[in-house]
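**Q** Please find one structure pasted underneath; my questions will follow.
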Amino acid sequence: MNTNKPLKRSILLAFALPGVMQGFTHAPEAQVQGIYAAHAGISLVALASVLLLTRLFDGLTYPLIGYLTDRTFRNTGSRKPWILAGTVVTVIGLWFLYRPPANVTVTYYGIWMAVTYVGWKLTEIPYIAWSFGLSRDYVERARIQMWRGIAMLTGGLVFFLVPFITKSLGITPTTELNFQTLAFTALVIVVCVPAMNLYALATVPDGEAAPPQIKKPRQSLRELVMMIARNGPLMRLLLAVFPASMVASMSASTSYLFVTSYLGLGKHYAAIMLIVMPFSLLSLPFWGWMCLRFERHRVAAIALVITACASAGMGFIPVGETGLIPMMILNPISIFCITALVVAIPAMIGDASDHGRLQSGEDQSGIYSAVYSFMIKSIHGIGAAAGLALAGWIGFDATATHQTPEGAFAIRLVTAWLPLFGAVISAFLIWTFPITRAKQAETQAALKALDEKAASAV
């Protein structure tokens, strides 16, 4: 496969289909904790503890899955078996997570959340690495990530139609997100996730085959860690995204409670998110164009600053119906800008992966995508746990009709104001990312020469 030739739209569409269902299944991820807290009466501290435990488990599984998918790719030229296995585990985990028994406990939540996370990892780590191998070209790689990003946002948009569908079918009396909504979501997942994933696996090529190489001794764990640590661009990017991701995860964990329990706009929650999603879909072609026209790390940095300002403004939204219009203005601005990272960051990881291959002589895309995914998912879990715990510790009560002054401050601090500081720090660090368009072109030329040399040596 020529990985510098533009891909056909039919291939891009087929490749994006798993992304649609990833967006659909991840859309309620930030709301699930709030639903379990508000409708099952599980304390925020208990939920935070479970999230933290699942992330400790992730510390073992993320690098392991990345390492094994790379080995499979080198031996077979494909990462697809892992995606197939992940599809099965994801469907099972989400079925039980979204359809809990009446007397659900925090242990039940923790078990099926952990199973779901394993399924997502088995699917998404090789899926991201697969996207890197479809093209090595700087521009085409951004195009692939744009299609994947649009697919994920489309899936998220479809999820927030579910409350309206369940109400129209008489399943729920309102459009509020609750366990009945999640139960219907589980039915959609059981049908659509396998169908879309299998179609992509059957129609999209595996990507660039591993180049012929002289047999090398298997790398030890220490050697793998050192290889990752020596990849300067990767380490700088991981450091750069850490602050914004941490506070954004804290904010996401309380956003559902911010709108429903604090602002009192629970009946409008699905509508608020539906308004956001079209802006997200429109933003991806815009940011994709910006990343093609300008250096993508600079685009990402500017978008982060705008996101931070919009997020901070949400902390001043008044409680009650008067807060609906400001929420519908500021939230779309924030989401419109943050989606720039959906295009820019995965492409930057791919560039760092090429840099690592030039250093080591081996394609370790699975390891790099696993490291990035592990960090982001770990931050999401730790940040979500910290957000819930901090809000509860200061005084926020998810079951209360009216919040105390301490509770009101807590939910505004975690949801709106902390993201400002993290985003500004990350924007500064991303601005200095070392791989530019010109630098990536040099790397591609060097890799081409390396592959030709390896082929002639075999």
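Every residue, even glycine, has its Cβ placed from backbone N, Cα and C.
Okay, so TrEMBL annotates it like this:
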TRANSMEM  33-53  transmembrane segment
TRANSMEM  81-98  transmembrane segment
TRANSMEM  110-134  transmembrane segment
TRANSMEM  146-165  transmembrane segment
TRANSMEM  177-199  transmembrane segment
TRANSMEM  237-259  transmembrane segment
TRANSMEM  271-292  transmembrane segment
TRANSMEM  299-317  transmembrane segment
TRANSMEM  329-349  transmembrane segment
TRANSMEM  370-396  transmembrane segment
TRANSMEM  408-431  transmembrane segment
**Q** Below 8 Å between Cβ atoms, which of the listed ranges 33-53, 81-98, 110-134, 237-259 makes the most pairs with the transmembrane segment (177-199)?
**A** 81-98
**Q** Determine whether the transmembrane segment (299-317) and the transmembrane segment (370-396) share at least three Cβ pairs under 8 Å, counting only pairs 6 or more apart in sequence.
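**A** They are not in contact.
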**Q** Using a Cβ-Cβ cut-off of under 8 Å, list the residues of the same chain that are 6+ residues beyond the ends of the transmembrane segment (81-98) and lie near it.
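**A** Contacts with the transmembrane segment (81-98): 18, 25, 28, 32, 65, 68-69, 72, 109, 112-127, 130, 179, 182-183, 185-186, 189-190, 193-194, 197-198, 201.
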**Q** Does the transmembrane segment (329-349) reach the transmembrane segment (33-53) with at least 3 CB pairs under 8 A, where each pair is 6 or more residues apart?
**A** no
**Q** Taking contact to mean three or more C-beta pairs under 8 angstroms, with sequence separation of 6 or more, is the transmembrane segment (370-396) in contact with the transmembrane segment (146-165)?
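**A** Counting Cβ pairs under 8 Å (6 or more apart in sequence), the transmembrane segment (370-396) does not reach the transmembrane segment (146-165), since there are fewer than 3.
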**Q** Out of 33-53, 110-134, 237-259, 271-292, 408-431, which stretch touches the transmembrane segment (146-165) the most, going by CB pairs under 8 Å?
**A** 271-292
**Q** Does the chain bring the transmembrane segment (408-431) near the transmembrane segment (110-134), so that three or more CB pairs sit under 8 Å (pairs 6 or more apart in sequence)?
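**A** As far as Cβ distances go (cut-off 8 Å, pairs 6 or more apart), the transmembrane segment (408-431) and the transmembrane segment (110-134) do not touch.
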**Q** Can you work out which residues elsewhere in the same chain, 6+ from the ends of the transmembrane segment (271-292), have a Cβ less than 8 Å from its Cβ atoms?
**A** 139, 142-143, 145-146, 149-150, 153-154, 156-157, 160-161, 175, 259, 265, 299, 303, 324, 327-328, 331-332, 335-337, 339-340, 342-344, 347
